[in-house]
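Below: the structure, in structure tokens.
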Amino acid sequence: MYRLATRRVLAQTTQTFSKRTFSNQGFRAAKASKTNMYLGAGIALIPVIMSINYLNGNHIANEVDENKVEEGKKKAESTGKKEFVEKAEKEAIGKADVKTKVPAEEANPETRTETDKPSEESQKDEENSYEGAAYNPETGEINWDCPCLGGMAHGPCGEEFKEAFACFIYSESEPKGIECIKKFESMRNCFREHPEHYKEELYDDEEQEPLVDVNEKKGDASEQSAETIADDATKVVKEKAKAEDSNTK
């Protein structure tokens, strides 16, 4: 009896163990199949991943190359602009130098020859000639204090003398001084009114033909040449100067 019970227990235990073993083997097989499936999928994905990585690498490389190209372009443009600006500045400076270039003679006035400079002696001679004359053509002034006038500009008939003398000096008509005839006549009439001061001048007038009053015969007075009147005035001046020189001696 005990043997029969023992056999039943062994039989049940064997069945249970066999079931468990079979079930474990099935689980292991299923697990192995899943693992193999995952491995296959992973192996299949490797080319895809490599392709993606390759494309991404090329894209990154292309971006880097494009950045380098852009930087190179900008650098070239900036360098070209700088060179262009420098060239333009040099050309502008060169043009300015040409415009502002000073002739050698002006830059070095000392290099001029002595013949280009007016000699001091000639200047002194001109100054002395003007000092010895009553009229200075450069300034257009008359020196009424000049000794060559013999003091006639300051006598009783000084104003008449100044008018006649200035009229003749500044005359631009032909013959010279033709419009000054009346002024010279007025001067001579003044001389006659003051014989004590103008004896010599009146003596020269007496040697010549007596003058006709301008108011009485204008035609005769106008016929008298201006040169003759100028000569008379010159004689008066010279005689007056000689008289003063003799008195001072």
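For all residues, glycine too, the Cβ spot is worked out from N, Cα and C.
As recorded in Swiss-Prot, the features of this protein are as follows:
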type     : residues      : note
TRANSIT  : 1-22          : transit peptide
TOPO_DOM : 23-36         : topological domain 'Mitochondrial matrix'
TRANSMEM : 37-55         : transmembrane segment
TOPO_DOM : 56-249        : topological domain 'Mitochondrial intermembrane'
COMPBIAS : 95-127        : compositional bias 'Basic and acidic residues'
DISULFID : Cys146-Cys148 : disulfide bond
DOMAIN   : 154-198       : domain 'CHCH'
MOTIF    : 157-167       : motif 'Cx9C motif 1'
DISULFID : Cys157-Cys190 : disulfide bond
DISULFID : Cys167-Cys180 : disulfide bond
COMPBIAS : 232-249       : compositional bias 'Basic and acidic residues'
_Structural state of Cys146 (disulfide bond), classified by DSSP into three states_ = coil
*Would you mind ranking the disulfide-bonded residues Cys146, Cys148, Cys157, Cys180, Cys190 by how many other Cβ atoms sit within 10 Å of each Cβ and giving me the lowest?*
Cys148
*Inter-residue C-alpha distance, Cys190 (disulfide bond) and Cys180 (disulfide bond) (nearest angstrom)*: 16
*Number of Cβ atoms other than its own within 10 Å, given for Cys167 (disulfide bond)*: 16
_When DSSP is mapped onto helix/strand/coil, what comes out for Cys157 (disulfide bond)?_
coil
*Secondary-structure category, per DSSP, in which Cys167 (disulfide bond) falls*: helix
_Nearest of the disulfide-bonded residues (Cys146, Cys148, Cys157) to Cys180 (disulfide bond) - Cα to Cα_ = Cys157
_Cα-Cα, whole number of Å: Cys148 (disulfide bond) versus Cys157 (disulfide bond)?_
17
*What does DSSP assign Cys190 (disulfide bond), in three states?*
helix
